[in-house]
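According to Swiss-Prot, the protein has these features:
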type	residues	note
ACT_SITE	D269	active site, proton acceptor
BINDING	M25, T26, D27, G53, K54, G55, A56, N57, E154, D269	substrate binding site
BINDING	N199, T235, L236, G237, A238, E239, G240, T256, G268, D269, N295	ATP binding site
BINDING	D263, T265, S301, A304, G306, S310	K(+) binding site
Amino acid sequence: MAASGEPQRQWQEEVAAVVVVGSCMTDLVSLTSRLPKTGETIHGHKFFIGFGGKGANQCVQAARLGAMTSMVCKVGKDSFGNDYIENLKQNDISTEFTYQTKDAATGTASIIVNNEGQNIIVIVAGANLLLNTEDLRAAANVISRAKVMVCQLEITPATSLEALTMARRSGVKTLFNPAPAIADLDPQFYTLSDVFCCNESEAEILTGLTVGSAADAGEAALVLLKRGCQVVIITLGAEGCVVLSQTEPEPKHIPTEKVKAVDTTGAGDSFVGALAFYLAYYPNLSLEDMLNRSNFIAAVSVQAAGTQSSYPYKKDLPLTLF
């Protein structure tokens, strides 16, 4: 059932409801018929430069759905960094706490995408790794007044941990995406996560279990739940996602409709950004309903090339989602 009317905005208009503490990457994308083997040079048929980075991707998707957003991040004092700040502004994202540094280049992601929409990616985090706790403290006011705070692991883990700690202290709902995953993740990441959302390969790294099906994902999610998260979501690409929580520890599979994927790059970030939007603006929806809607939005994103360029706007989506 569609939520009635516009979201209730009881807070002041200029306050960001969704704050993302995370990464900005310039995507350097090559489209090829297939992925190259080790030591092989192959011809691609198209190259383009786009905007990516898990943090900014998630923020852009939330903003395009209508969320008031703020991005806490660090880019280089270079042309990629300048262009990135302009991109955030074009998406109506507050850049008050988008820092620039001379000490490192803006982060980059070299991405190769085949005809099936599968990809391989190498990231060089650059300036992202210089975002520090001092920068977070300068942004404390915007973090403490948010409805939802989102972070990932493309910035220094200690910085993400500090962001989660600050949000939790202020009673702000935390949405943590442990990507890229690290096997020996600090246990505090689990206990500080109201919603812990990862994909199947990240779940494998974090738990040591094989995740090849929804049933496997349910078992891995249980392991993660026992580490102290309130809610665990494991996304399964075209198979949707699996969810469980402290209050409903029985794994539930939320399937998604089948679509023809053109480019799956950034689909997980579209999902997280959509989920952040629903958590902030429609907190009374059931979790299952939020996940169905987030699945739908992520499925729209894989039907176009590029990362943020494939993310839908509210005006392009069915009214039943809002």
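Backbone N, Cα and C atoms are what each Cβ position is placed from, and that goes for glycine too.
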The rounded CA-CA distance in Å from S301 (K(+) binding site) to G268 (ATP binding site) is 10
For G306 (K(+) binding site), which residues in the same chain are close in space, meaning a Cβ under 8 Å from its Cβ, but six or more apart along the sequence?
-> D27, V29, F48, G50, D263, T265, G266
Candidates N199, G268, A304 (binding-site residues) with Cα within 10 Å of K54 (substrate binding site) = G268
Go through N199, T265, the listed binding-site residues, and name the one with the sparsest Cβ surroundings, counting other Cβ atoms within 10 Å.
-> N199
Just name the most isolated of the binding-site residues M25, L236, A304, going by other Cβ atoms within 10 Å of its Cβ.
-> A304
Where S310 (K(+) binding site) and N199 (ATP binding site) are concerned, what is their Cα separation in Å, rounded?
-> 20
Counting across all protein chains shown, how many other Cβ atoms sit within 10 Å of the Cβ of G240 (ATP binding site)?
-> 22
Neighbour tally for S301 (K(+) binding site), based on other Cβ positions within 10 Å of its Cβ = 30
Cα within 10 Å of D269 (active site, proton acceptor) is the criterion; apply it to the binding-site residues A56, L236, A238, G240, N295, A304 and give the hits in sequence order.
-> A56
How many Å separate the Cα atoms of G268 (ATP binding site) and A56 (substrate binding site)?
-> 13
Intrachain C-beta neighbours of N295 (ATP binding site), sequence separation six or more, cut-off 8 angstroms | G240, C241, I254, P255, T256, F271
What does DSSP call T265 (K(+) binding site) in the simple three-state scheme?
-> coil
Closest of the binding-site residues to N199 (ATP binding site), Cα to Cα, picking from M25, E154, A304?
-> E154
